[in-house]
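Annotated in TrEMBL:
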TRANSMEM  39-60  transmembrane segment
TRANSMEM  80-98  transmembrane segment
TRANSMEM  110-128  transmembrane segment
TRANSMEM  165-186  transmembrane segment
TRANSMEM  193-216  transmembrane segment
TRANSMEM  222-247  transmembrane segment
TRANSMEM  355-375  transmembrane segment
TRANSMEM  387-406  transmembrane segment
TRANSMEM  418-444  transmembrane segment
TRANSMEM  450-472  transmembrane segment
Amino acid sequence: MSKVKIKKEKVEILPFEKIKTPFWKVDDLKEITTMAIPIFIQLLFNILISQINLIAINHYRHGVYSEAVAKAVLSYNTLQFIPSLIATGTIVVAGNLIGQGRKEEVSKVVVTGLLINFVISAFIFATIETLSDQIVHLMNADNLRVIKEGDVVLENSELRFVSSYYRILNVNILTLSLSQVFVAGLQSMKKSTYVTIGTVIANVIDLILVSVLLYGTKLNPIWSALTIPITGVFQIIYMMFMCFKFIDFKVNRGKQLNWIYAKETLKTGLPITIEMGVWNLCNFGTGVAIAKLGGTGAEDDNPWIVLHRNANSIGQYSTAFIQAMGTVTSVFVARKIGEDDRQGAYETAINCWKAAIYATLLANILMLALSYPLLELLGSQGKSWPWGVGMLSIYAVKILFDTVNMTLLRALWSAGDLWYPILVSFVTMGIGMVALPFVVIYGFDLLGGWGLMAIYAVLSVDPISRSIIYVIRWIGGKWQKYMHIIK
């Protein structure tokens, strides 16, 4: 096992040179888009297939399963970030090494990441499988509520169905723990196109399986959840072969595990995952609040949680590019840090932010133009106007501020400025995503459509406040204190 040390020394905060390019112009746009577009296509295809899956389940047997599946999916989304623990750290550490011209070390980062990520994800998986009934109950899944079509009872217990569906979905956490690390290795090598190809194929497989299970067999629709872990296994195999093709694993044969890299990856990935975890848990809190907008009895339906899920699914189209820009920013800034180029890192992050703003403005226009027909298609008839369109209008403003959180925040992470953003997140997310939504319901007693609109409005408090803080942090250059180069 090779000796790897982290160079530790007091880093002086240097003033940045003034960027001569006008703010409206994006430097290095070609290089940024060359990496971002394949990732964007990958995310876009993910969203498209998930929409088709939603349509399939929402229209299956006249949509009687839609609310139950929505509760299971929203519960699953709360913890699906777990595999990104090591994957995110892998991108940053590998990027730092590549910036120094040390590509031969990337295989060590990947193999070490695979082992640690799987162990951590397996522990989380075992825990949430044990507590699945309690978790979905927080989403208002009721043991006394039945799922029926007309007078025909299909499921005697909504809680049992939601919990079982949720347990099957959770298997994907294990598959993601491996595939995400392989993906991170490929992205650090700027091989995003191959990641996109694998994702597209996996989604096509998923679509075929869902369609066959729901409409070509008489199996319980609960088994449609199994298609996600199945496609996850395919992605593991595909991404592994792509890594073998583009990353040299032979050079470090017999000495792939490196605990210093493991420590460095954990040191980077853990704070990032805590921040993601705070967001997901707060988002779960938002979902719990929205689940209380409808009836509370066993026979009452809550169309608002379905509308919330459908609106979020449509909103993903606008966020797809800024999510891609988050990965691009992480890779490019990490490489600049590895090169010890502070000015380059500073300007690269700003350029990624500007590109994200332009893309989001365009995506928002398209999203709002198509919002009504998409909501109707997804099964929100009667709620699409004015509630659904109004929610997405508020959402469009919110994600403009999220461009900062998906670029400059990622730049701070890549530079090693990790814990300050977490402290900010605890406060802004806790207030904007949990406290204020419950104030809307219990303080102002707003329910139904007006309650949902008000919740979406107060959710904007978090990204607006965080974006202001992160812009000041990045431009002020305090992140330079946390820079280090792996030696």
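Heads up, the Cβ atoms here are built off N, Cα and C, so glycines get one too.
TrEMBL entries are annotated by machine, without manual review.
With a cut-off of 8 Å between Cβ atoms, the residues of this chain six or more beyond the transmembrane segment (418-444) that come close are 267-268, 271-272, 274-275, 278-279, 282-283, 285-286, 289-290, 292-293, 409, 412, 451, 454-455, 458-463, 465-466, 469-470, 473, 482. If one looks beyond the transmembrane segment (355-375) by at least 6 residues along the same chain, the residues whose Cβ comes under 8 Å of a Cβ in the stretch are 26, 29, 32-33, 36, 51, 307, 310-311, 314-315, 317-318, 320-322, 325, 383-385, 388-389, 392-393, 396, 399-400, 402-403, 406-407. Residues 307-308, 310-311, 314-315, 318-319, 322-323, 325-326, 329, 353, 356-357, 360-361, 364, 367-368, 371-372, 375, 380, 449, 452-453, 456-457, 459-460, 463-464, 466-467, 470-471 of the same chain sit 6 or more residues outside the transmembrane segment (387-406) yet have a Cβ under 8 Å from a Cβ within it. Within its own chain, the transmembrane segment (450-472) has Cβ neighbours under 8 Å at 282, 286, 289-290, 293, 304, 307-308, 387, 390-391, 394-395, 397-399, 401-405, 408-409, 412, 421, 424-425, 428-429, 431-433, 436-437, 439-441, 444, counting only residues six or more beyond its boundaries.
The listed stretches are 80-98, 110-128, 193-216; of these, 193-216 has the most Cβ pairs under 8 Å to the transmembrane segment (39-60). Same-chain residues lying 6 or more positions outside the transmembrane segment (110-128) and placing a CB less than 8 Å from one of its CB atoms are 79, 82-83, 85-87, 89-90, 94, 135, 170-171, 173-174, 176-178, 180-182, 184-185, 243, 247, 249, 256-259, 261-262, 265-266. Using a Cβ-Cβ cut-off under 8 Å and counting only residues 6 or more beyond its ends in the same chain, the transmembrane segment (193-216) has close neighbours at 38-39, 41-42, 45-46, 48-49, 52-53, 56-57, 60, 183, 186-187, 223-224, 226-228, 230-232, 234-235, 238-239, 242, 246. Counting only same-chain residues 6+ beyond the ends of the transmembrane segment (80-98), those with a CB under 8 A from a CB of the stretch are 105-106, 109-110, 113-114, 116-117, 120-121, 124, 172-173, 176-177, 180-181, 183-185, 187-189, 261, 264-270, 272-273, 276-277, 279-280, 327, 330-335, 337-338, 413-414, 485-486.
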